[in-house]
Amino acid sequence: METFTEYLVSIDDIIWGLPLMILILAGGALLTVRLRFMQVHKLPLALKWMTKKESGGEGDVSSFAALCTALSATIGTGNIVGVATAVCTGGPGALFWMLVAAFLGMATKFSEGFLAIKFRETAPDGHKLGGPFYYIEKGLGPKFKWLAKLFSIFGILAGLLGIGTITQVNGITSALKNFFDPNDAHMVSIGALGDYSIVIVISSIVIAACVALVIIGGIKRISQVSQIIVPAMAVIYIIFCVTLILCNLSAVPGAVLTVIEAAFNPRAITGGAVGSVFVCIQKGVARGIFSNEAGLGSAPIAAAAAQTKDPVRQGLVSMTGTFIDTIVLCTMTGLSIVLTGAWQVEGLEGVAVTTYAFSKGLPFPSQVSAFILMICLVFFAFTTILGWDYYSERCLEYLTNGRMRIVKVYRWIYILFVFIGPYMTVSAVWTVADITNGLMAIPNMVSLFILSGVIAHQTNSYYREKKHKQADHLAV
């Protein structure tokens, strides 16, 4: 297994090399400039429109429901486990580069939401279908349909093998096991797979069953569940992170300085424990993309289902997803890990790092802190599984020209992968997730580069017209 994991790491290093880093960061920077730093001066309006229902729009669910579906897929183990992994492998400076990528990614996410509405189509049964596969095919032209199909294939692989199932359920079962059976006292044998804690076995069955109950209902049921779970759990997680930071307020300035210094000189902070600045940037950007999915092309699939007729409005609503996911939630997780020193504790990885930070930083017994984190992780990861089922189903629907029988068979395959997720090693799981993320990002970012002129022209024209209308109204 070690050799296979090393092989995956080699592939990951190639995919997430300098070219993809430049593609994602330069793409976000280009869109930021062409959209005139929209993520700064339009963020208040975006947050206002986030929960405001638009009248007269066509779609399957409200813009807020579409956002919650997108957030259900983005707010997951990446916010809790992914940040810990980035800081431990890339040093505290990885958090800085994660935030830089997220800031630029807000412009990317706006562009994805804009194009999702502009180029979406209506399926024969009436539901809306859109995303990178359509804005690649219709925006770039039929000659690029091969690129759209390539994206769809990578989207299905990401759902089945990476960000959608295995990483999430692995995070859930690890959190449950660490809380209920930390010493492996209750083990059962699963044939050739080996011995596993009874907690992992039971939880994998329960999670797979719950996922099946929800995804059978499609986008409407997924969005209904997401609208309840996502806002509630996000607020709870923020409250406890803020409590941790306030309880360790004196350590915050030092932690912030550590993050900034390590971003440009990681060896000075870690004593050579981690690699170069490039490794720091690589881990920060890769884990940031895993968390907020800006540039990945997944969120516009949910955005296409929104009840709206305004691409700019939906773009702004989509943009708030990256702000909430990374600028708010990931920052709080990363700061908690750095200021408590959890990233320096030997022998810890994944969720155990964040659990240590919560146990040390919160003024509660360690069992209470671990329970709080476990609940947050379980619900965040569960909704991510739901969101990614929708994404990968739409990719398959595009790839098979709307053959829903194949899509329905795929649902059961997806549920099967949810069930087997806990039985893969953590390192292999995260590496596979990074690989599939990178493969999705390449065709999506290429299309955003090419269509950046269309996005900027129509968006800036939209605001000029809106400004003129307001001026005319005041003149009257």
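Every residue, even glycine, has its Cβ placed from backbone N, Cα and C.
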Correct range for transmembrane segment (source TrEMBL, candidates 69-95, 150-176): 150-176
Annotated transmembrane segment segment (source TrEMBL; candidates 264-281, 300-317): 264-281
Annotated stretches the transmembrane segment (439-457) and the transmembrane segment (323-343) touching (3 or more Cβ pairs under 8 Å): no
Interface present between the transmembrane segment (14-33) and the transmembrane segment (228-252) (three or more C-beta pairs under 8 A): no
Tertiary contacts of the transmembrane segment (412-433), as residues 6+ beyond its ends and Cβ separation under 8 Å: 1, 4-5, 8-9, 11-12, 82, 85, 158-170, 173-174, 190, 193, 196, 200, 203-205, 207-208, 211-212, 215, 290, 349-350, 385, 389, 392
Intrachain neighbours beyond the transmembrane segment (196-216), with Cβ under 8 angstroms and 6 or more residues off its ends: 169, 172-173, 176-177, 180-181, 184, 186-188, 190, 222, 225, 382, 385-386, 389-390, 411, 414-416, 418-423
Positions on the same chain near the transmembrane segment (14-33), where near means CB under 8 A and six or more residues out: 39, 100-101, 103-105, 107-108, 110-111, 278, 281-282, 285-286, 289, 294-295, 434-435, 438-439, 441-442, 445-446, 448-449, 452, 455-456
